[in-house]
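Colleague: Here's a structure for you.
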Amino acid sequence: MTGNSFHVSGYGPDKGGWTRLFARDSMARRLDWPILLAAVALSLMGSLLVYSATRNRTELNQGDQYYFLTRHLLNTGIGLALMVATVWLGHRALRTAVPVLYGASVALILLVLTPLGSTINGAHSWIKLPGGFSLQPSEFVKITIILGMAMLLAARVDAGDRPHPDHRTVLQALGLATVPMLIVMLMPDLGSVMVMVIIVLGVLLASGASNRWIFGLLGAGTAGALAVWQLGILDDYQIARFAAFANPALDPAGVGYNTNQARIAIGSGGLTGSGLFHGSQTTGRFVPEQQTDFVFTVAGEELGFLGAGLIIALLGVVLWRACRIARGTPDLYGTVVAAGIAAWFAFQAFENVGMTLGIMPVTGLPLPFVSYGGSSMFAVWIAVGLLQSITVQRPMSA
């Protein structure tokens, strides 16, 4: 292997590769199948849950009960294609394109702040596209932050110049992450900013940066959160969400309604649930945004503890394999990319499930692979493609 060139039988430009698809050194044999199968299973379960949540909602589905199901399956198919393209290109080749990708992602989130941006559920985070589609650029910023920080932090370490990133390199990496985070905060999209903060911490931990940076960032993050609260940067609806989280009984018919109805739906499911498409809370449309933010409540009510537990178990498989890939990668760049993705998936899944149970504030974060939404689905599948690329391109002995 030299530079960014790479070849595995059945992968890349080898025209005879398909005849040796399952040879020992083929791409098919080297893929991480557990993470791929778990992600596909989550997306397929999500399609059933999205259909259950929207089939009777004529005000949303434009009179077509399969409207959201069709789009969810289409998003999943496009996501799989993006994963394949990412594996084909390779995370090492994408490393050289990081400046372009980073610049494009920052430009897109800046467009959100122009008249081209649109507001959905209080967050001015979207760009309207033709055909009734919308794009949420902050989902892709998560990827470029991971790739950009990994490129900077690993450059001199992988070259053998240093055993770990120096202070100057860490500052550069933090500066790279801070710019898009500040822009996303202006939207305001607090949930995405929270995910990005966790990504930054995960990346720094995996890079071997001094623990002083970790503790310093935790302190700075706490001070920053207090400043945001005191300076009134948050919108009224975001403040109300935190108030409802602190005291669910404060406004049960208003801002606390979503969380209360979500807990009722999950609690009514019991061990095995009421049966798919037979949930009274879901059929009665008591839980708002049930196909996106609160899709886990459909699983809790209709599939019960066992079905909801299966989703958590599948997410656990994804996280386990991502961490395993990070540990088994010989170069720091691959390690940091995999660790950043693992941190992203872990926190976002915990936050989404936690807000339906009332143990985390409502932030509007989707459940990875399960919730309806094109931008989120595309981003998580690109991330899986990065993980698969790291797996495929590492030496056979790794």
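Just so it is clear, glycine is given a Cβ too, placed from its N, Cα and C backbone atoms.
So TrEMBL says this about it:
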type	residues	note
TRANSMEM	33-54	transmembrane segment
TRANSMEM	66-88	transmembrane segment
TRANSMEM	100-120	transmembrane segment
TRANSMEM	140-157	transmembrane segment
TRANSMEM	169-187	transmembrane segment
TRANSMEM	193-209	transmembrane segment
TRANSMEM	214-232	transmembrane segment
TRANSMEM	303-320	transmembrane segment
TRANSMEM	332-350	transmembrane segment
TRANSMEM	370-392	transmembrane segment
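Map the listed features onto the structure and describe their local environment.
Modeller: With a threshold of 8 Å between CB atoms, the same-chain residues lying at least 6 positions outside the transmembrane segment (66-88) that come near it are 11-12, 27, 31, 40, 43-44, 46-47, 50-51, 53-55, 60, 94, 291, 372-374, 377-378, 380-382, 384-386, 388-389, 392.
Taking Cβ pairs closer than 8 Å, the transmembrane segment (303-320) reaches residues 34-35, 38-39, 41-42, 45, 266, 269-274, 276, 296, 342, 345-346, 349, 353, 367-370 in its own chain, all 6 or more past its ends.
Within its own chain, the transmembrane segment (370-392) is flanked in space by residues 8, 11, 27, 30-32, 35-36, 39, 42-43, 45-46, 49-50, 54, 68, 71-72, 75-76, 78-80, 82-87, 89-92, 94, 133-137, 139-140, 142-143, 291-293, 295-296, 311, 321-322, 325, 329, 334, 337-338, 341, 344-345, 352, which lie at least six positions past its ends and keep a Cβ under 8 Å from the stretch.
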Colleague: Between the transmembrane segment (33-54) and the transmembrane segment (169-187), do 3 or more CB pairs sit under 8 angstroms, pairs being 6 or more residues apart?
Modeller: no
